[in-house]
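Copied from TrEMBL, the annotated features are:
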REGION    1-154  region 'Disordered'
COMPBIAS  13-29  compositional bias 'Basic and acidic residues'
DOMAIN    15-41  domain 'WIBG Mago-binding'
COMPBIAS  41-57  compositional bias 'Basic and acidic residues'
COMPBIAS  86-97  compositional bias 'Basic residues'
COMPBIAS  118-132  compositional bias 'Basic and acidic residues'
COMPBIAS  141-152  compositional bias 'Basic and acidic residues'
REGION    179-198  region 'Disordered'
COMPBIAS  182-198  compositional bias 'Basic and acidic residues'
Amino acid sequence: MSQPTNSGIITDKNGERVIPESKRADGSTRKAIKVRPGYRPPEDVEVYKNRTAEGFRQRGKGPVPGAEGLKEDKSDQQSSAAANKNAKRREARKKAKAAGETEGEDQKTAAEAAPAPKPEEVDPEAEREKKARNLKKKLRQAKELKDKKDGGESLLPEQIAKVIKINELIRELDALGFDSEGEPKIAKASSEAKEDST
């Protein structure tokens, strides 16, 4: 008889693989079970080990397989030059950080002493005119698209949506005090009054 495997399978005198009979907890006997030839239970299958991954897991615990030659090739001069360069960089960063903190403190005290600048006040008239220019542009584009549609051209859904919004754009211009052409109503009314008086 051979040594039992992880799953308990042994090879008997005849060369057959079997799980030997055993006793249950209640005292009854479990019969021996024949294992078909070629079958390997999961417990007996050897786990594949990737040497690279295993080496990665073992970092710091010992030498990496195949890395012995690399250590011999490295010269002390090269590693020390790189270490010196990195040390200089770290030192320069520390100095810059320390200098930045002191400058930052100086700037904080100066900022506290000087009053905070007020945000620029927006001229409501300029904003109104800017919005009117935007609306006028959209209205002009929508009218051009409407002319194309009337001419028989097919329009994209987005373009059709713009044509539908013509009345809405006119209402917005009206609310801002402009006519459908984008001209201020007040100026137009005063020019008409002048024409009537003459």
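Placed from the backbone N, Cα and C atoms, the Cβ positions cover glycine too.
TrEMBL: automatically predicted annotations, no manual curation.
Counting residues of the compositional bias 'Basic and acidic residues' (41-57) by DSSP class, helix then strand then coil, yields 10 helix, 0 strand, 7 coil.
Mean model confidence of the domain 'WIBG Mago-binding' (15-41) amounts to 90 (pLDDT, 0 to 100 scale).
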